[in-house]
Amino acid sequence: MAQRAVAITTATLVAGMVLLPVAAVLWRGGGPGTLGPADWAALRFTLWQAAVSAGLSVALAVPVARALSRRSFPGRVALIALMGAPFILPVIVAILGLLAVFGGRGLINQIGAPLGLPRLDIYGYHGVIIAHVFFNLPLAVRLLLQGWQDIPAERFRLAASLGAPVWRVLEWPMLRRICPGAFTVIFVICLGSFAVALTLGGGPRATTVELAIYQAFRFDFDLGKAATLAALQLALGLAAGAFALRVAPKGGFGVGLDRQIDRWDGTGVAARLADSLWIALAAGFLLLPLLSVALAGLPGLAKMPPEVWAAAARSLALALGATALTLALALPLLTGAGETAALMGISVSGLVLGTGYFLLLQPVIRPGDAALPVTMLVNALMALPFVIRILRPGLEGARRDYARLAASLGLSGWHLWRIVYLPRLRRPLGFAAGLTAALSMGDLGVITLFADGDNATLPLQIYRLMGSYQMESARAAALLLLALSLGLFWVFDRGGRLHAAA
Amino acid sequence: MKAYPLVAGLIFATSAVAETPTLTVYAPDYFASEWGPGPGIETAFEERCGCDLVYKTGELLPRLLLEGEKTEADVAIGFNSDITKKARESGLFAPHGLDTSALTLPVDWSDDTFLPFNYAHTAFIYDNTKITEPLTSFDALLEAPDDLRLVIQDPRSSISGLALVLWVNHVYGDEAADAWAKLAPKIVTVTKGWSESYGMFTDGEADMVLSYTTSPAYHIIAEEDLTKSAAIFEEGHYFMVELAAKLAGTDNPDLADQFMAFILTEEFQSMIPTSNWSFPAALPKDAWPDGFQDLPVPEKVLFYSEDEAAAMRDEAIEAWRSALSQ
Amino acid sequence: MLQLERLRLVQGDFELSADITITAPITALLGPSGAGKSTLLNTIAGFTPPTAGRVIWRGEEITPRAPMERPVAMLFQDNNLFPHLDVTRNLALALTRGSPTREARDRTAEALARVGLPGYENRKPSELSGGQQSRVALARVLLQARPLMLLDEPFAALGPALKFEMLDLVAEVAAENGLQVIMVSHDPQDAARIANEAAVVADGAVTPPEPTAELMRSPPPSLASYLGIDGTP
């Protein structure tokens, strides 16, 4: 079948785009390096924090997404879009935003101290978890929210008319389907944590594999060790992917007619109160640090150096390119095996990936010339797992519900995608494109390896400003980045929703 | 794909100039950025040489080691003395052949390959409106109450963090582990790089931050803010120097030599203080800008040679790691 | 005339055999749910390949053919219309892949008028009632112009009155256009209303079709137990 051939080709391509650079680094490093006790300790901590962070993010996302799915209030759409922002912030900006709220001199302690509340000390293992939940809760909420939206309204009506418990007959089966994938994606993101884990973890207790890779690369120039550690990350990511495939049951709901979800349960006062509380807590947790990022950026906005605008334009172009590339790679890969192949992209250290591309391209092209395309490619590879996770349930649903009708009408190949699947996937496509664009905007990534002075992206420019003591301009540039990322996300996400209701 | 024309334009714009000879200088990202010393130095040198100076940035030493003999670099600028051993062993660099007697470093320097262009001392910076009684010794810092909030950089990912562990080693020798144990409760956290730490300090999250003796100069000169000071310790401060070197395989040896010589000129050196925010390596103090002349500097300067630094690095980092992992 | 020649369908524990010839203008397949009525219909339509045996239409074997290449149009239990397309686009897909031509528009309007929905061209399915959606789906089947129409309980979600109205409409248009109809139902009343003949799908086998009235008068044991009667009239 042609479609299967395309899927296999793309999966091989993606796997190659990840494995080849890692192999190149390994080869250049003269074979695998040996790992010491500190490396194994780092590996244990990495695994632990990734599992806890992912578990907690998904667990907390359940009540929040449920509340958001069944309550309507003014500003709901804006809130959902804004809540996605932590996910796309450059790490350094997000850390400072988090500390402005949860830090020793942060908002909470400033309010709490006069009231005699015990001091909140963010630094430690719990800090790592809080920070990772801050980054990933929004993604988990969006993935689950989509799960709720995919339950046809008719089912809620049926459950209501039968007096059946909605949680048991509709929500729990949906969660069992969606949660393993959401957990895996977040687990794999957290595997690569470095600066966040270190800073919020309060020191070397919170050493991750990524830090060990950085050290091996930068100070020891031990490429063999860097590649070995990267391969280890890869194995963990793949194992997590395989786990999710095994755990998540297949199948799902029949189709509904795209009507807005009206529900007949959860109308009691207690349920309303609980939902409001969850929404308020999540919004406060996610939005206060963002607000502090925004406020810190305002004073410097007026005198922002012109180079920042140039970098912003470059980042926008990069983001759009990465989005197109990601979607082109994602659509043929919407299968279980494809999803696992795609997980490789984000499992592996960006540093090793970048170094690998550097080694591969060096004989052919000046690495500096390839900086933006390679950054685009790496961004696309990193976004691929999210995009596939977002699109797959939608495509499976569309297949299940419309494959027979489409076949009886003789729709196949491109016509099938154009007339049936792409329109059916419109909403998740918008979300996925928005996420990729925003993610790509905020990624510092491999550009630091290649940048030639005049092709800096906006996140790189923020680091440069900070490195030159220009904290105020850096904060203003961070605000610009936040606004642009959110803007991109909003445009795509909104584009997917417009007219999608009917 | 709409992005294509822009990306293509960026790619080809960098390779358009062909007739004039090109000097390729590898430099750290901060150096070549619009806010670093790079652009000023580029303009000044291009006027002298009638050539085109092009910076390539990224992780300096890893990139050079990756490229090996095939590197396009003619000159590399921005090495740190604590990691030059690896650079020297690579054999990629050639002697500069310059007379270094004009150097104004607080230590003797007689390296025939790596040429200093600026320096500073590792130091803790604080807000003098909040800490009104400055700490005058490392001992005093160790004995300070535990609610003093320090933020430092990780020696495994940051060069200034590495300088700190070498500093502690230099001051406390065999008792470095005890020193770290006393310091540990005051260390709020450890960051990946300098920028995160300094951002936390300016945000008020930390009382003191590991930085350089020259950091207050930025606030004094650029922001007219006199509240940031470096604590000067009587035990002495670890010395940080940045270096440049000529590539042995350069295609433009004459231009490269010319650039190396340019580093020691007054024109180059006088650009360093207010763009690199550090002390120039070859400029008498009376030629420094105002804000720099008055900066307090330590009387005693501590320094390890690259061999010493390389030999004790792992042990010093381990002492730091085990004390802070408790 | 449709022949199911020594047809065997095996899916895990499920097994069904059929060796019958269906000739009546409208034939009902009756039986309890889970007996395999829908699976049998899917095999005739080409969505589920049989484990063994042949499907023969007017003397010609169609077993290996893709759904599109069979003389079959089918009304599904649900999902008969694409929710994101308006009525015209939904119907025009029976005629063309591209945007509807003038001729296609005329023919869709005609089909809509025939099913009692003139002027509904620009509605989205979600703007239609359940009965109206069924009518549009029937119009689509008319436009597909296949000689064999399969009904997989498409009207099950409608109220009794509406359901009978739709069944009558099916019978009407089938007669007008000379279509043969095979319908699945778990409700003998549906069969009694429009089907000339009926077959019983139960216990892994399909009985040969016999006139519906006769079948109702003296149901075989399998049907009788399903209907909850003891077999005596």
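Each residue's number is its place along the chain shown, starting with 1.
Glycine too: its Cβ is placed from the backbone N, Cα and C atoms.
Sequence-remote contacts of a segment are chain residues at least 6 beyond its ends whose Cβ falls under 8 Å from one of its Cβ atoms, and for the transmembrane segment (A:7-27) they are 223-224, 226-228, 230-231, 234, 329, 332-333, 335, 337-338, 341-342, 344-345, 348, 352-357, 359-360, 377, 381, 384. The annotation transmembrane segment is assigned in TrEMBL to A:7-27 (among others).
The domain 'ABC transmembrane type-1' annotation in TrEMBL covers A:43-492.
If you look up TrEMBL, you'll see A:47-65 (among others) marked as transmembrane segment. Counting same-chain residues at least six beyond the ends of the transmembrane segment (A:47-65), those with a Cβ under 8 angstroms from any Cβ of the stretch are 125, 128-129, 132-133, 136-137, 139-145, 147-148, 175, 179, 182-184, 186-188, 190-191, 193, 197, 206, 208, 236, 274-275, 278-279, 282.
The feature transmembrane segment is assigned by TrEMBL to A:77-102 (among others).
The transmembrane segment annotation in TrEMBL covers A:122-145 (among others).
Marked as transmembrane segment by TrEMBL: A:178-203 (among others). Outside the transmembrane segment (A:178-203) by six or more residues, the chain places 45-47, 49-51, 53-55, 57-58, 61-62, 91-92, 94-95, 98, 122-125, 127-128, 130-132, 135-136, 139-140, 143-144, 146-147, 209-211, 214, 233, 236-237, 240-241, 243-244, 247-248, 339, 343, 346-347, 349-350, 385-386, 389, 392-393 with a CB less than 8 A from a CB of the stretch.
The transmembrane segment annotation in TrEMBL covers A:223-245 (among others). Long-range neighbours of the transmembrane segment (A:223-245) within the same chain, counting only residues 6 or more positions beyond its ends whose Cβ lies under 8 Å from a Cβ of the stretch, are 18, 22-23, 25-26, 28-35, 39, 43, 47, 180-181, 183-184, 187-188, 191-192, 209-210, 212-213, 216-217, 336, 339-340, 343-344, 346-349, 351-353, 355.
Here TrEMBL flags A:277-302 (among others) as transmembrane segment.
According to TrEMBL, the feature transmembrane segment maps to A:308-334 (among others).
TrEMBL lists A:341-365 (among others) with the feature transmembrane segment.
Beyond the transmembrane segment (A:371-391), the same-chain residues lying 6 or more positions past its ends with a Cβ under 8 Å from any Cβ of the stretch are 14, 17-18, 139, 142-143, 146, 181-182, 185, 188, 314, 318-319, 321-322, 325-327, 329-331, 333-334, 338-339, 342-343, 345-346, 350, 353-354, 357, 361, 425, 428-429, 431-432, 435-436, 439-440, 443, 445-447, 450-452, 455, 457. The transmembrane segment annotation in TrEMBL covers A:371-391 (among others).
Sequence-distant contacts of the transmembrane segment (A:429-451), counting only residues of its own chain at least 6 positions beyond either end whose CB sits under 8 Å from a CB of the stretch, comprise 84, 87-91, 139, 142, 146, 315-316, 318-320, 322-323, 326-327, 330, 350-351, 353-355, 357-358, 367-368, 370-372, 374-376, 378-380, 382-383, 386-387, 390-391, 422, 457-460, 463, 481, 484-486, 488-497, 500. What TrEMBL records for A:429-451 (among others) is transmembrane segment.
Under the heading transmembrane segment, TrEMBL lists A:472-492 (among others). Long-range contacts of the transmembrane segment (A:472-492) within its own chain (CB-CB distance under 8 A, at least 6 residues past either end) are made by residues 81-82, 84-85, 88-90, 93, 290, 293-294, 296-301, 303-305, 308, 311-312, 315-316, 319, 323, 430-431, 433-435, 437-438, 441-442, 458-459, 461-463, 465-466.
Panel annotation: around the transmembrane segment (A:77-102), residues 68, 108, 120, 122, 127, 130-131, 134-139, 141-142, 145, 195-196, 199-200, 279, 282-283, 286-290, 292-293, 296, 434-435, 438-439, 441-444, 459, 462-463, 466, 478, 481-482, 485-486, 489-490, 493 of the same chain, lying at least six beyond its termini, place a Cβ under 8 Å from a Cβ of the stretch.
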